[in-house]
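K.L.:
Supplied in structure tokens, the structure appears directly below.
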Amino acid sequence: MRHNFGAGPCILPQEVFKQASRAVLDFKDGLSILEISHRTSEFEGVVEETEKLVKELLNVPAGYSVLFLQGGASLQFAMVPMNLLPEGKSASYLETGVWANKAIKEVKFFGKANIVASSKDSNYTFIPKDYSIPEDSAYFHCTSNNTIYGTEMFNLPETKVPVVCDMSSDIMSRVIDVSKYDLIYAGAQKNIGPAGLTIVIVKDEILGKTGRGIPSMLDYKVHIDGGSMYNTPPVFSIYVAMLNLRWLKAKGGVAEIEKENIAKANALYTEIDRNPLFKGTCAIEDRSRMNVCFVMENPELEKPFLKLAEENGIEGIKGHRSVGGFRASMYNALPITSVHALIELMQTFAENHK
Ligand SMILES: *Cc1c(COP(=O)(O)O)cnc(C)c1O
């Protein structure tokens, strides 16, 4: 039995893998999903259904478009200022980790980034809370879940400026109020589907206000007008995302999966806090449900524990190099039985190292 705690690309439901494999051999009348034209009515149906599922699962209000793009969340770091930041103006950023930092880096090509708060000095172990966002900011950008550090932002600041959020690693894991955001983006490979697809949810009225010329492929409006088919979309990634979102809907949707995610996170954090060998790395109120980061009181025991984990089918728990220790990523498709397997191993290890 393998337990995949990898940070991304990551676990998807087994039945999604099976359905996707079948479609590789025969999607429609003996044709593979890999060889059909994206202009067929069958594939147009896939895009339509995927869009409908995103809207339904996240309760997206009217006035927003859902886009299926490429280039990963990393391209959004540049597309956001390119499409939303007028020349010479500034946008406010909350610096909560490496991904936020990479987003900030791209702003200089279009205007100025104003860092409203940062937890860099503490190696991003918490989410800054007391800061103000200048009212003349073109937008406020935040990262809802800091995949590398294991912090998650459960509350948005009060602000009148448009809110842009990188939701790559916690989208579809908990109920959110989309109307509080003006643009949400996410690389698909952490809770939505395979790599190669990026989802953008954008409030239409915030677009077209920069006065800047934008290359077609980088212009949200072009993709809205083209129904995400301005060029060849990532056909297979969209198809698998559709299968995965169908799976999520059948499970009861985001509110149901949120309950499971809370149960999984509570179980593992409880063990980390209880077990004398381990300790969490983040401020308790900001602990992520998706990526649980922890270290050992005695760092010399980390290697043997990692080895034991690997021997027992626990995959992908080595921490990111900038944090060290361990990171257990527990995306939607990871069953709670996998979390229990990890907890049992931590307990056995503690028994043997008294
Ligand atoms: C993984 C991740 C990214 C990078 O996504 P790509 O699709 O690889 O560009 C950006 N932001 C966050 C929060 C992530 O977890």
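All residue numbers here begin at 1 and follow the chain in the order shown.
Every residue, even glycine, has its Cβ placed from backbone N, Cα and C.
Under the heading domain 'Aminotransferase class V', TrEMBL lists 4-340. Here TrEMBL flags Arg39 as L-glutamate binding site. The pyridoxal 5'-phosphate binding site feature in TrEMBL is assigned to Ala73, Ser74, Trp99, Thr147, Asp166, Gln189, Asn231, Thr232. What TrEMBL records for Lys190 is N6-(pyridoxal phosphate)lysine.
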K.L.:
Between Ser74 (pyridoxal 5'-phosphate binding site) and Lys190 (N6-(pyridoxal phosphate)lysine), what C-alpha distance do you get in Å?
P.N.:
14
K.L.:
Find, for the listed binding-site residues Ser74, Thr147, Gln189, Thr232, the residue with the lowest Cβ contact count at a 10 Å cut-off, counting only other Cβ atoms.
P.N.:
Thr232
K.L.:
Cα of Ala73 (pyridoxal 5'-phosphate binding site) to Cα of Lys190 (N6-(pyridoxal phosphate)lysine): how many Å, rounded?
P.N.:
11
K.L.:
Within 10 Å of the Cβ of Ala73 (pyridoxal 5'-phosphate binding site), how many other Cβ atoms can be counted across all chains shown?
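P.N.:
So the Cβ neighbour count for Ala73 (pyridoxal 5'-phosphate binding site) comes to 23.
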K.L.:
Looking at the binding-site residues Arg39, Asn231, Thr232, which have a C-beta within less than 6 Å of some atom in ligand 1?
P.N.:
none
K.L.:
Within the domain 'Aminotransferase class V' (4-340), what mean pLDDT does the predicted structure show?
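P.N.:
Here the mean pLDDT over the domain 'Aminotransferase class V' (4-340) amounts to 97.
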K.L.:
With H, G and I counted as helix, E and B as strand and the rest as coil, say where DSSP puts Thr147 (pyridoxal 5'-phosphate binding site).
P.N.:
coil
K.L.:
Fill in the CA-CA distance, Trp99 (pyridoxal 5'-phosphate binding site) to Lys190 (N6-(pyridoxal phosphate)lysine), as an integer in Å.
P.N.:
14
K.L.:
Below 8 Å Cβ to Cβ and six or more residues apart, same chain only. Which residues does that give for Asp166 (pyridoxal 5'-phosphate binding site)?
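P.N.:
Residues satisfying the criterion: Ala73, Gln76, Trp99, Ala100, Ala103, His141, Cys142, Thr143, Ser144, Tyr185, Ala186.
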K.L.:
Per residue, counting other C-beta atoms within 10 angstroms of the C-beta, which of the recorded positions Arg39, Lys190 reaches the highest number?
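P.N.:
For the recorded positions Arg39, Lys190, the Cβ with the most other Cβ atoms within 10 Å is Lys190.
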K.L.:
Sequence gap of 6 or more, C-beta under 8 Å: which same-chain residues meet both conditions with respect to Asn231 (pyridoxal 5'-phosphate binding site)?
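P.N.:
Listed in sequence order, they are Met217.
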K.L.:
Based on Cα coordinates, which of the following recorded positions are within 10 Å of the residue listed as 'L-glutamate binding site': Thr147, Gln189, Lys190, Thr232?
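P.N.:
Near the residue listed as 'L-glutamate binding site', where near means Cα within 10 Å, the recorded positions are Thr232.
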K.L.:
What's the CA-CA gap between Lys190 (N6-(pyridoxal phosphate)lysine) and Thr232 (pyridoxal 5'-phosphate binding site) in angstrom, rounded?
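P.N.:
Pair distance, Cα basis, whole Å: 23 Å.
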